């Protein structure tokens with residue numbers, strides 16, 4: 001190691017930028033202030049206020065507000081549950097254990113059905129009840145229940161208020177800026193994505209890019225929610241933001257649909273690729289208008305109206321251009337703060353799907369884990385069993401919803417071991433020698449500031465530093481009055497580590513469903529919703545089914561099972577393209593009764609091919625032949641409406657043809 005690596009420039013305090021110092025100082029002051037206020041309010045465990053301030057330390061105002069609301073609601077609900085359950089079962093330890101395990105299992109199940117601050121509220125309701133109720137097993141007076149519950153809630157609220165106040169004093173980046181930047185970047189990336197997908201090749205890079213675009217658009221919904229909570233203007237523009245997200249999803253679908261047509265088009269015009277690249281280059285410019293676009297794509301206009309392939313591609317390309325220009329105009333209105341609510345209709349938020357089987361399994365895992373640890377604690381008369389139960393409850397509730405629970409639990413184990421060693425040195429080497437809180441704060445403030453800076457400067461270890469910051473308060477355990485008992489300290493820390501280790505064991509025995517099994521469940525749900533789309537009065541609108549389909553696809557975006565991801569993506573895109581054709585057929589009107597019967601026949605053909613169980617290959621082959629025959633017949637028809645219908649039916653043919661290599665029912669392998 002050379003001497004330059006030890007220079008002052010490489011120290012975290014000198015490497016930090018102004019934004020990093022603002023973030024570190026804001027969170028450090030909030031945590032120290034929360035600890036001080038809770039300590040002088042004579043709350044018995046003021047370190048929970050410091051932990052609460054650390055948890056809500058989001059980099060944006062909207063994130064702090066939404067998470068704080070969820071934390072307050074969850075803490076109140078958890079405190080009420082703890083009072084009711086512990087108050088009625090305090091003298092019956094087995095019944096107490098059963099009721100608390102059932103409550104935490106319910107909270108684990110419920111948080112899987114929601115997103116954002118609602119899911120966070122249910123998580124808090126679960127482990128706040130655990131934090132309050134499990135230590136109550138050693139008390140004898142029922143009146144202490146209320147004292148402990150209100151102390152925990154007050155500590156949480158103090159931490160939230162301190163975090164919110166420091167966010168107002170030292171504000172960070174604007175949620176509005178982050179959202180608008182993300183929308184503009186995605187708007188530009190859609191053109192790059194179109195250029196990639198309209199290539200004739202089929203590679204894993206194309207699939208990964210498509211999954212990435214879908215995931216980024218769905219992630220922007222979180223930015224929209226944060227902007228909603230932090231800016232009055234974005235609360236007024238919420239309908240427009242929802243419509244913009246739906247538009248970007250629709251453009252993603254149209255890009256995919258155009259790719260299918262290009263791959264199934266035997267002889268496209270020779271200059272198609274060059275014209276498409278010229279079009280994408282022009283759309284990237286903010287000065288491009290509809291007339292410029294019309295001049296560029298004019299050479300692609302079909303000269304033979306009987307060429308239904310050319311007509312279908314032309315119509316879909318024009319639709320994509322119109323969507324992109326409309327989205328550009330809406331983004332410009334958002335940036336310029338134009339108050340015009342009549343431009344876009346009110347649109348619902350992005351739909352989502354809950355895997356009920358996985359949610360039930362997670363709730364059952366939490367219930368069984370706590371029953372096992374509780375039974376062991378009761379049978380062995382372990383004094384620190386409450387700490388093991390509390391950490392196991394937190395681990396089961398928090399990590400049931402993550403993609404890699406074993407990695408997260410292993411990281412938490414490492415965090416607890418490091419904090420046990422660190423807190424031993426701090427508690428019995430420093431804290432026993434000081435008598436005033438301000439002396440301890442002189443040590444705590446620079447320590448927290450340095451840890452916050454390291455979290456920002458070491459992204460590879462950001463999760464570790466974040467957990468060290470959040471859990472440090474409960475290990476140092478600044479109480480009022482202070483307690484220094486080495487036996488209790490060792491027993492409590494050992495119990496916390498054992499609780500997480502047993503939660504890890506529970507995840508190993510009651511393992512989450514494999515990605516292949518999850519993929520089959522998502523595909524089955526997609527097919528079930530698509531069958532509903534074929535009915536005369538579908539439950540979901542076209543946009544709702546589209547966002548729901550993309551939500552299904554995004555659920556395995558981090559999966560290592562390439563086959564499961566590939567077939568979930570393929571089924572989602574196929575069914576989505578077919579649903580767009582079905583909606584267009586449903587809206588298509590003709591005065592010719594024979595043509596209307598042809599349209600109805602196309603929809604009925606889909607009903608014969610698709611079911612919740614899968615696709616029948618024999619029926620699929622016959623349906624594709626029939627659709628091709630319908631296209632050829634309509635192309636020779638004398639009515640313009642018939643040739644228009646032929647173009648729509650050919651799009652349906654292109655979408656369905658991708659399922660010719662679909663795996664057998666119940667598997668993901670051919």
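Note: Cβ is positioned from N, Cα and C throughout, glycine not excepted.
A Cβ distance under 8 Å defines the sequence-distant neighbours of the transmembrane segment (23-42), meaning residues of its chain 6+ beyond its ends; these are 16, 48-50, 52-54, 57, 59, 154-155, 158-159, 162-163, 165-167, 169-170, 172, 437, 441, 444-445, 448-449, 452-453, 456, 473, 478, 480. Swiss-Prot lists 23-42 (among others) with the feature transmembrane segment, giving sequence analysis as the kind of evidence.
Residues or ranges marked as transmembrane segment by Swiss-Prot on the basis of sequence analysis: 47-69 (among others).
Proximity of distant same-chain residues to the transmembrane segment (76-98), defined by a Cβ-Cβ separation under 8 Å and at least 6 residues beyond the stretch ends, is recorded for 121, 124-133, 136-137, 139, 142, 145-146, 149-150, 152-153, 370-371, 374-375, 378. Taken from Swiss-Prot, the feature transmembrane segment covers 76-98 (among others), and the record attributes it to sequence analysis.
Residues or ranges marked as transmembrane segment by Swiss-Prot on the basis of sequence analysis: 118-140 (among others).
Swiss-Prot lists 153-170 (among others) with the feature transmembrane segment. Residues 22, 25-27, 29-31, 33-34, 37-38, 41, 43, 45-46, 48-57, 61, 64-65, 68, 71-72, 75-76, 79, 128 of the same chain lie 6 or more positions beyond the ends of the transmembrane segment (153-170) yet place their CB under 8 Å from a CB of it.
Among the features that Swiss-Prot reports, transmembrane segment is placed at 381-403 (among others).
Outside the transmembrane segment (410-432), and at least 6 residues removed from its termini, the chain residues within Cβ reach (under 8 Å) are 391, 395, 440, 443, 463-464, 467-468, 471-472, 475-478, 482, 484, 486, 489, 493, 496-497, 500-501, 504. Swiss-Prot lists 410-432 (among others) with the feature transmembrane segment.
According to Swiss-Prot, the feature transmembrane segment maps to 437-454 (among others), an assignment based on sequence analysis. Non-local neighbours of the transmembrane segment (437-454) in the same chain are 12-13, 15-16, 20-21, 23-25, 27-28, 31-32, 35-36, 39, 426, 430-431, 461, 465, 468-469, 478; each lies 6+ residues outside the stretch with a CB under 8 Å from one of its CB atoms.
Swiss-Prot lists 461-483 (among others) with the feature transmembrane segment, giving sequence analysis as the kind of evidence.
According to Swiss-Prot, the feature transmembrane segment maps to 493-510 (among others). Sequence-distant contacts of the transmembrane segment (493-510) (same chain, at least 6 residues past either end, Cβ-Cβ under 8 Å): 361, 364-365, 368-369, 372-373, 382, 384-392, 395-396, 399, 405-406, 409-410, 412-413, 416-417, 420, 423, 475.
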